[in-house]
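Q: In case it helps, Swiss-Prot gives these features for our protein:
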{"type": "MOTIF", "residues": "34-44", "note": "motif ''HIGH' region'"}
{"type": "BINDING", "residues": "35-37, 41-47, THR231, 261-262, 269-271", "note": "ATP binding site"}
{"type": "BINDING", "residues": "ASP67, TYR212", "note": "L-glutamine binding site"}
{"type": "MOTIF", "residues": "268-272", "note": "motif ''KMSKS' region'"}
Amino acid sequence: MSEAEARPSNFIRQIIDKDLADGKHTTVHTRFPPEPNGYLHIGHAKSICLNFGIAQDYQGQCNLRFDDTNPEKENLEYVESIKKDVTWLGFDWSGEVCYSSDYFDKLYEYAIELIQKGLAYVDELTPEQIREYRGTLTEPGKHSPYRDRSVEENLALFEKMRAGEFAEGQACLRAKIDMASSFIVMRDPVLYRVRFAEHHQTGDKWCIYPMYDFTHCISDALEGITHSICTLEFQDNRRLYDWVLDNITIPCHPRQYEFSRLNLEYTVMSKRKLNQLVTEKLVTGWDDPRMPTISGLRRRGFTPSAIREFCKRIGVTKQENMIEYSALESCIRDDLNENAPRAMAVLDPVKLVIENFAAGTVETLTLANHPNKPEMGDREVPFTRELWIEREDFREEANKKYKRLVLGKEVRLRGAYVIKAERIEKDEQGNITTIFCSYDPETLGKNPADGRKVKGVIHWVSAEKGVPAEFRLYERLFTVPNPGAADNFAETINPESLVKVQGYVEPSLVEAKPEFGYQFERMGYFCADNKDSSPQALVFNRTVGLRDSFVKIDEE
C-alpha cells in the first residue's frame, strides 16, 4: 500500500493536496488552539488527531497554541493537563508551545491600525445595550451613538482603556463593519474589552484583552498557518476572520476550513454540562472514568492507539451526526484483545475445595500471557486445594446449554485440571458457601484418558495465594443516547454506571501498573486505577466488557 493509500482521505486533505499541487503552499502548517479553561475530551481528540495527523502525514508542522484571552477562566493547571493529554495521545508540537498572549503587543498595534483606518471605534454602550442594538436574525441592528467618533478621539479613548481609566463594561473597542449584515457576527463585533484580571502568562501588564475572533486569525497569520481547521460552529466567523486579515497589514492570510464536531451517544461534551457533573458531585472529578475527558478515558484504561483509531474510523466531514458509543468501545476492545496480557480474576467469589488435593500443597502452573502471542511470554499461577470461582459459574441443576460447573458433573479449570462437583454447603439463608469437588490429576494439559468429553472451561483464583481487590464496573454514564437533548440531562444519569465489587486476583497482578490493560479471562478488560490502586489495596477499573453490555438492554 502506498503512502497516499494509507492516509485516511477527507475533504480537508483533498484541499491540501490541491493547494500543494497548485503551488499555493510548499509545506503544510496547522495548529491545535485550545482555550486553557478546562480539560480536553474525546471531541478535542478528534481535532488533535486531525491537525497533528495532517502535519505528520505531509511532513509539515503543527503548533500547540493556547487561546488564552480570557484570564478569569484560565489557569496553568489546564495548560499542563492539555500538554499532557496531547503528548499522551502520541503527538508532539512544532517548536515551543505558543500562546495567544505572546502576541498581545502585536494585537494592540493591529487594533490601532484599524482605528487609524476608520474601521474600529471605542463604544460606551453597556454590554446589555450592545446586545439590544445588535438586532436579530430577522431584524437589522442599529448604530451605536458612538460609532462616528473621529479617529483621534478613538485613539485617545483606546489608550485610556489600556491605561485602566474605564471600568469593566464601561467601554469596548468594536469593528466598524455592517450593522445590517445578515451575519450577526459581522454587526460591529467587539474586538477588545476591559478586564482587570491577572493573566497566567502576562501578569498584570494588561487590563484590556482581545476577543477570540480578533485574536485567532491574527495568531494564525503570525505563525504562518496554512490551513486553519475548526468545527462547524465557527463557519459564520470565517467572514470576520477574513475581514480582519483583509484590513490589516500582515503578510500571511491563512484560510479557515470547518468540519463537524464529534457527537457521541450516551455522553455530553458541553463544557458547561461537564462542569455541572463535577461541581454537583455527580461524578468524582474531571478524571472520573465515566467522563469523556481524555484524563477520564486514560484512567479507565483506554489507550492512545484506540482513541486515534476511533478518530480515524469516524472520519472528517461537514455533516453533523451522532456516533454510536459502541464504535468507541469497539476500538478499545480490538486494541486490548490484540495486545493485553491475560490474567484471572474472580469478581463474585464462592469457595471451591478440591478434597483429593493435598492440603498445604501449592502447585505452580505455567500459563501463557496471550493465546496468540507466544512472544508475550508466560506467567506462574499458584494452584491450591482451595480456590475461588465465580458464583455464576456453578449451578445445582442446569440444562445441556450450560457449559460450566454443575453438581455431579465435570468442568475444566482454565490452564489446570478437570474437576467434578461432588457436594455443596449452604448458609442459613440458602446461599451456597462452599463447593466440594474432586479433581482428575491426569488431566493437566490433556483430555481425560478414558475419552470422556469435558466441554466447559471456567477461570479461578487460589484462595490461599490470591490477592483481594476492588473492581469498579463502569458502564455508560447516561441511560439515553442523547442526554444533552433532555430537559434536565442530570436526570438521565445511569444509576448503574458504577458498581463496586470485592473479589480476588492472581498474585502476578500485585505489581500491575496503573492504566495498563489486562483481559481478565471471561470477565472483560481491566486496568489498575491510576489514583486509588496500590500493591497493598488493589483497585481495578473495567475498561470495557468482552461484548457490548448495552445490546441486551437495548433489545429489552
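All positions are counted from 1 along the displayed chain.
Note: Cβ is positioned from N, Cα and C throughout, glycine not excepted.
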Q: Across all protein chains in the structure, which of the binding-site residues GLU35, ASP67 has the highest Cβ count within 10 Å?
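A: Selected residue: ASP67.
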Q: If we skip the immediate neighbours and take only residues 6+ beyond the ends of the motif ''KMSKS' region' (268-272), which ones have a Cβ under 8 Å from one of its Cβ atoms?
A: 37-38, 41-43, 262, 292, 478, 483-484, 489
Q: Treating G and I as helix alongside H, and B as strand alongside E, what does DSSP give for the motif ''KMSKS' region' (268-272) in helix, strand and coil?
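A: Helix, strand, coil within the motif ''KMSKS' region' (268-272): 2 helix, 0 strand, 3 coil.
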Q: Return the residues near SER270 (ATP binding site) by Cβ distance under 8 Å, restricted to its own chain and a separation of at least 6 in sequence.
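A: Listed in sequence order: GLY484.
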Q: Report, as a single number, how many Cβ atoms besides its own are within 10 Å of the Cβ of LYS46 (ATP binding site).
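A: So the number of other Cβ atoms within 10 Å of LYS46 (ATP binding site) is 24.
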Q: Based on DSSP, name the secondary structure state of ASN37 (ATP binding site): helix, strand or coil.
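A: Reduced to three states, the DSSP call for ASN37 (ATP binding site) is coil.
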Q: Just the number: how many Å between the Cα atoms of ASP67 (L-glutamine binding site) and THR231 (ATP binding site)?
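A: Between the Cα atoms of ASP67 (L-glutamine binding site) and THR231 (ATP binding site), the distance comes to 15 Å.
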Q: In which DSSP state, out of helix, strand and coil, do we find ASP67 (L-glutamine binding site)?
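A: Note: ASP67 (L-glutamine binding site) is coil by DSSP, not helix or strand.
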